[in-house]
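Listed features, source TrEMBL:
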- 1-18: signal peptide (SIGNAL)
- 296-313: transmembrane segment (TRANSMEM)
- 299-503: domain 'TM7S3/TM198-like' (DOMAIN)
- 320-336: transmembrane segment (TRANSMEM)
- 348-367: transmembrane segment (TRANSMEM)
- 374-394: transmembrane segment (TRANSMEM)
- 406-423: transmembrane segment (TRANSMEM)
- 430-451: transmembrane segment (TRANSMEM)
- 485-503: transmembrane segment (TRANSMEM)
Amino acid sequence: MELLRLLLIAVLASVTRAAGGAEIVGNSSEGLLEFSVGKFRYLELKKPFPEEAILRHISSNVTFVIFQIHSQYQNTTISFSEALLPNASGTGTDKGLVSILRPEQSMCTWHLETFDPEPVQNVAIPLSYSESDPIPGGCNLEFDVDIDPNIYLEYNFFETTIKFAPANLGYARGADPPSCDVKTDLDSRWRLQYDVYQYFLPENDLTEEVLLRHLQRMAEVPQVRANAVKVVTLTADDKTSVSFSSLRGQGVIYNVIVRDPLLNTSTAYVPTHTYACSFEAEEGSCSSLGRVSTKVFFTLFALLGLFICFFGHRFWKTELFFIGFIFIGFFFYILITRLTPIKYDVRLIVTAVAGSIGGIFLVAAWWRFGVLTLCMLCVGLVLGFLVASVAFFTPLGNLKIFRVDAVFWVTFSCIAIFIPVVFMGCLRILNILSCGFIGSYSVVLAVNSYLYTSLSYITLNILRRALHVDFRRAFMNVPFQTNDFIILAVWGMLAVSGITLQIRRERGQPFFPPHPYKLWKRERERRVTNILDPSHHIPPLRERLFSRLAQIKGLFQKEQPAGERTPLLL
């Protein structure tokens with residue numbers, strides 16, 4: 001009998017362990033979706049079939065439960081009842097509700113449904129908290145839900161902004177909630193602090209499976225702190241809104257942890273995610289990162305830049321055209337974008353034309369006047385622009401002092417001007433360095449047209465700062481993953497190879513070519529005075545043109561027959 005009893009206990013224990021391990025997927029009985037605290041469950045919702053989620057056996061020391069559900073881009077509705085009330089339901093891709101428990105309550109239910117015609121894949125989890133934990137969204141005065149733990153996200157081409165409702169102090173079951181704005185001392189919700197976290201999904205991966213798996217790392221406080229990067233800490237005096245640089249096609253998850261420094265407790269809001277693009281848009285969707293016009297523009301730009309990287313100093317006029325194209329094109333694009341409402345493709349074409357005119361103008365200025373200092377100033381400023389952009393691409397760009405436009409642009413300009421000033425005594429080195437770094441970076445911009453890379457935001461963030469006034473408040477964090485390391489290595493390899501090749505090839509050569517106009521003028525005078533020079537006997541340009549036209553005209557005239565055409569005189 002004792003042996004039989006031990007065998008029965010072992011069988012029951014194995015069944016219990018199997019049931020517990022399956023909680024990640026969840027059990028359903030009697031039309032209910034059963035959940036366990038802290039266990040994720042994957043589920044599929046269909047339009048005509050709402051589901052009811054249930055959480056049983058809630059511990060007596062739990063005072064509130066946050067139930068959250070996530071999908072990639074299709075909306076899901078969660079509510080406390082079958083009737084959808086504005087203050088007791090929410091619809092979106094990342095939504096959650098706070099259930100304040102009554103005394104002796106040990107079970108909670110939520111209603112889940114979707115109005116999307118296609119089935120929606122979701123992942124959901126209930127999380128429990130005690131009376132000492134702050135309640136996220138407990139002092140909500142802005143959004144519809146009474147206690148709103150959600151993070152609301154808006155994005156455009158320039159920035160992504162998240163907003164959330166202030167939290168309140170926790171309280172015991174059956175007690176009245178603390179007042180939100182009666183007092184502002186340490187016994188009120190004004191002592192709470194908010195840590196904003198950012199988490200990047202793998203680059204160039206838009207799959208639903210990857211998103212739902214990584215969202216599980218951003219739901220609970222310990223996991224958020226272990227996996228995400230803390231961007232900023234807000235106090236109760238700060239506005240509960242934070243802006244970030246939009247990264248189109250790159251998945252990003254945001255979450256906020258509210259902390260009570262006095263009790264050393266914390267609670268996580270419902271995480272939210274974005275790709276800064278639409279999966280359902282017919283044009284410019286997440287699946288198509290670059291427009292055709294962008295790909296053509298930057299591919300041609302990269303081909304010219306690659307030539308400049310290795311041969312720019314030798315082909316001096318081609319390099320001047322390249323620098324003039326960048327110099328004029330950049331400022332012209334900012335000008336027409338801020339002053340005109342024309343479409344992007346038209347702006348890009350007009351920018352290409354204006355940049356070409358700028359490049360031709362710089363070449364013509366060198367040919368006619370030959371002012372080397374002026375040309376090298378343009379070259380040095382473009383290199384200085386790239387160096388300053390790299391400097392603000394680092395965490396330096398997120399410092400609070402640089403949110404003031406005057407401070408930012410003065411500092412940026414000083415760095416850009418510093419480069420040509422330092423190298424003014426060795427202009428050839430400055431020119432070769434500019435060819436190597438600027439020419440190779442054009443390849444990075446071309447790669448970004450086909451494949452996402454964070455390195456493109458080195459200059460794109462500066463362009464956004466110049467175009468959008470509110471971009472100054474955005475945190476310019478970007479992921480740096482395997483693709484970025486590879487492209488960074490390619491950029492560095494191209495730059496070093498181009499610089500080394502040009503330095504070795506130009507050794508022993510004149511620093512810069514002579515003034516073209518003086519050479520042309522001297523050659524013309526020599527041809528006029530030296531009658532032994534065969535070029536002296538070359539007819540003027542006007543006569544040569546008329547002669548050439550006469551030859552072309554003769555090709556289209558009917559050939560006259562040979563022989564006598566007049567009648568013989570008898």
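Sequential numbering from 1, following the chain as shown.
Even glycines carry a Cβ here, placed using N, Cα and C.
Caution: TrEMBL annotation is automatic and unverified by curators.
Taking Cβ pairs closer than 8 Å, the transmembrane segment (430-451) reaches residues 204, 289-290, 294-295, 298-299, 301-302, 304-310, 312-313, 319, 322-323, 326, 376, 379-380, 382-383, 386, 419-420, 423-424, 458-459, 483, 487, 490-491, 494-496, 498-499, 502-503, 506, 512 in its own chain, all 6 or more past its ends. Tertiary neighbourhood of the transmembrane segment (374-394): same-chain residues 319-320, 323-324, 326-327, 362, 365-366, 402, 408, 412-413, 415-421, 423-424, 427, 430-431, 433-434, 437-438, 441, 457-459, 461-462, 476, selected by CB-CB distance under 8 Å and a gap of 6+ residues from either end.
The average pLDDT the prediction assigns to the domain 'TM7S3/TM198-like' (299-503) is 95.
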